[in-house]
Amino acid sequence: MKRKWERDLGLQGRMLFTMFLLAAVYLFFLAFLSYYGTSQIFIILFIGLFMAAQYFYSDKMVLWTTGAQIVSESEAPQLHGMITRLCAIADLPKPQVAIVRTQVPNAFATGRNQNKAVVAVTTGLMDKLSPAELEAVLAHELSHVKNRDMAVLTIASFLSSVAFYIVRYSLYFGNMGGGRRKEGGGIMLVWLVSIVVWIVSFLLIRALSRYREFSADRGAAVITGQPANLASALMKISGVMDRVPGDDLRKVEGMNAFFIIPAISGSSIMDIFSTHPSVEKRIAKLEKMQQEMS
């Protein structure tokens, strides 16, 4: 049975405002580069080519980086059964299913759209969670698919990286079109502006990522009808992470932005620099939803 997908208007508003600010920063940056002598055609071609590559191949890169293996229904019947059932409720096409063989208990979703998605879980996650908790985590990842979070965050993060490398390239290899940048202090001004743009975009992307994690938690609660199951899963994953060997955590640290909980142990990082809200905040929101649904 399909469930009504109710939106959190406050959360949606904060996400839209953050995306608006990010777009404004990028437009300012590109206009600034153009004014100071960087060719507009070069910028458009450079961004266009790399965005296309990122859009079409990001899922393959993520699977290769993590060592995730696509599994068939015969290889993982329980996992496929859960995802098939959840997709019917969420009104989603069924994604490919993958397993990562690592002790780190985690999960992620990737793919450029709802028809080209992959949901992956680790063997550590399947070993540690109950079926109800595993289903809640899968629902969280499917919420990312439904909200197209992978495409949104990939594009947002990519533009930040492109802005940085365009400036770096221009500083090393000349004026890329001539103009005002040759005037005194021009190179230093471009460098200073690039630093400011990178810092601001970095913080905005982190904020956007945190909002979308909250949104995926809410989506999982709606799909399963049991917010408490996801809260329980988050507590277990967070607790187990502290006992996972450091070498295992370091092997997957590049995937932290994709995971349901970052693969870190010990001291936490400041919320403003994190891709995910704190587990405590997420659990508090889920507990509130559980009370509202009861």
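Placed from the backbone N, Cα and C atoms, the Cβ positions cover glycine too.
The feature transmembrane segment is assigned by Swiss-Prot to 15-35, 36-56, 151-171, 185-205. The annotation Zn(2+) binding site is assigned in Swiss-Prot to His140, His144, Glu213. What Swiss-Prot lists as active site is Glu141.
Structural mapping of features recorded in Swiss-Prot.
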residue : record              : Cβ contacts under 8 Å, 6 or more apart
His140  : Zn(2+) binding site : Ala107, Ala216, Asp217, Gly219, Ala220, Leu230, Ile260
Glu141  : active site         : Ala107, Phe108, Ala109, Val119, Ala216, Ile260
His144  : Zn(2+) binding site : Ala109, Met150, Arg212, Ala216
Glu213  : Zn(2+) binding site : Thr275, His276, Pro277, Arg282
Collapsed DSSP category at His144 (Zn(2+) binding site)
helix
